[in-house]
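Residues or ranges marked as transmembrane segment by TrEMBL: 105-122, 128-144, 178-194, 206-228, 269-291, 312-335, 364-380, 387-406, 418-441, 448-468, 474-495, 541-561 (among others).
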Amino acid sequence: MASLALTTAPCSSPLISLRSRLPPPKSSVISDGNRCAYRPIITPLRISDRSGLGNLRPLISSNSLFKVAKSGSIFTVKASAPGSATSPVVPATQKPWQGAAIKPLLASIATGIILWFVPVPSGVTQNAWQLLSIFLATIVGIITQPLPLGAVALLGLGACVLTKTLTFAAAFSGFGDPIPWLIALAFFFARGFIKTGLGNRIAYQFVSLFGSSSLGLGYSLVFSEALLAPAIPSVSARAGGIFLPLVKSLCVACGSNVGDGTEHKLGSWLMLTCFQTSVISSAMFLTAMAANPLSATLTFNTIQKTIGWTDWAKAAIVPGLVSLIVVPFLLYLIYPPTVKSSPDAPKLAKEKLEKMGPMSTNEIVMSGTLLLTVGLWIFGGMLNVDAVTAAIVGLSILLVSGVVTWKECLGESVAWDTLTWFAALIAMAGYLNKYGLIAWFSQTVVKFVGGLGLSWQLSFGILVLLYFYSHYFFASGAAHIGAMFTAFLSVASALGTPPYFGAMVLAFLSNLMGGLTHYGIGSAPVFYGANYVPLGKWWGYGFLISVVNIIIWLGIGGVWWKFIGLW
């Protein structure tokens, strides 16, 4: 006697075994919860005893192996064969968890709770200590990433408001800071730069000149940025408005894209190199970073000596050039691009340029807008136009001309995510200073170092390291300088450090320490936001390069400063 066996299986691959002379009906598969059902497309079935299938008649009932639902004619599989044990129902594949990663989330929360209940040190207010616990919990969350960075930062702000540690206005005050907006605007500029093809055109020009090796291409970008540094007093503007679009275009032109496994072909090394050298070029000139004049002002207020533009450049030029040479090559060795040489690249780039033909109207508009914006960045001081205002003027032109649409700006999710988390960190770090925590920390450090009875060289070395690595708690170079520069310079001078020498060193390090994290200086969120380098590697290489920079600037720089009579 013929028999019919139906074996349950997931809907994606149903398995039907028919041992009879009955041809299988044509059917379509539909899903009903955890069961599979078959909707016949054909066919009437005539059952006869002569066919050997007559014994199937009793099975077609309410208790049978399968049901026939007359409305819609749905076959629902329930078992494999008569008399056999009931087969377990195979659940349909469930959607993956879309929420937070639990372990990183618990680590972040635990950090905040533990610190929250630690006894508050003498001299620190309860609000300051609570804010510190939330800030550190947020930093742990940003490192471990249980959620995207913007979401983590928003949770941190929510905790500040919920616990009454900050008012709503205070918690979200960072969104009124110009730097996060300048960074977001830089991403919008990059969109137009790439969309119009201008980025590719300039990228191919660079490749045609320097593209026979990845290292040569990297150095060409590094020294181009350094040449622009003294003219554009905003590292965020230089990085975001000029070099991020260019570097992204170069990466794409060389076949190194985000998300397809080709990041290490060129992009990872190039993004990290351009970021780390941007903090070096910022340290080389008084006008290369917006907070540098603040260092000069505080120096005059503390020791009544002026740091002039020439004095700054003269002292920084030797260690700066050494760092600009060493850092890219070191990263090339320890975090290398997979494509190191491409002798045919210059020729291919020239062919690409020929195929592109003359500049399009949108390219011309984009070029003119970029030149206008850079001009405002350079001469903005005389015209009373700050960097973010200049960027808004440029973006307005792009929007009005249609080179970039507002819908495209809204689609730049990385820009809005970066704006959110960077503004949140600026707000929390700013109120740590306002609540007096940073002043307490500075006083504690200087008392400790002053009580060790060491020579001024060793004492100053300890102060330098503490000043430098405390930058993990700051999302702004200006905030760090304003909070700690005067206290550390005063103590260093009291311990015997030559005052002018001490001021210069602290001023240079106030730039170099920005390379530690992805939020420590204006160029950090810009290059990190390109998503070519994982956060762990960003922090790890940031620490390593910080050690290298300190050795170069205090070692080779110290010899140079002795030679020019700085100490």
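For all residues, glycine too, the Cβ spot is worked out from N, Cα and C.
Taking residue pairs at least 6 apart in sequence, the transmembrane segment (541-561) and the transmembrane segment (178-194) share fewer than three C-beta contacts under 8 angstroms. With Cβ pairs under 8 Å as the measure, the transmembrane segment (312-335) is packed most heavily against 541-561, out of 105-122, 418-441, 541-561. Contact between the transmembrane segment (541-561) and the transmembrane segment (448-468) is supported by 3 or more Cβ pairs under 8 Å, counting only residues 6 or more apart in sequence. Highest Cβ contact count with the transmembrane segment (418-441) among the listed stretches 105-122, 128-144, 269-291 falls to 128-144 (criterion: pairs under 8 Å). Listed by sequence, the residues of this chain that lie at least six past the ends of the transmembrane segment (474-495) yet keep a Cβ under 8 A from its Cβ atoms are 179, 289-291, 294-295, 298-299, 301-303, 422, 425-426, 428-430, 433, 438-439, 441-443, 445-446, 449-450, 456, 459-460, 463, 466-467, 502-503, 506-507, 510-511, 513-514, 519-522. Among the stretches 105-122, 269-291, 387-406, 448-468, the one making the largest number of Cβ pairs under 8 Å with the transmembrane segment (128-144) is 105-122.
Residues 484, 488, 491-492, 494-497, 502, 505-506, 509, 512-513, 546, 550, 554 of the same chain lie 6+ residues outside the transmembrane segment (448-468) yet bring a C-beta within less than 8 angstroms of a C-beta in it. Within its own chain, the transmembrane segment (105-122) is flanked in space by residues 129-130, 132-134, 136-138, 140-141, 144, 146-147, 152, 159, 440, which lie at least six positions past its ends and keep a Cβ under 8 Å from the stretch.
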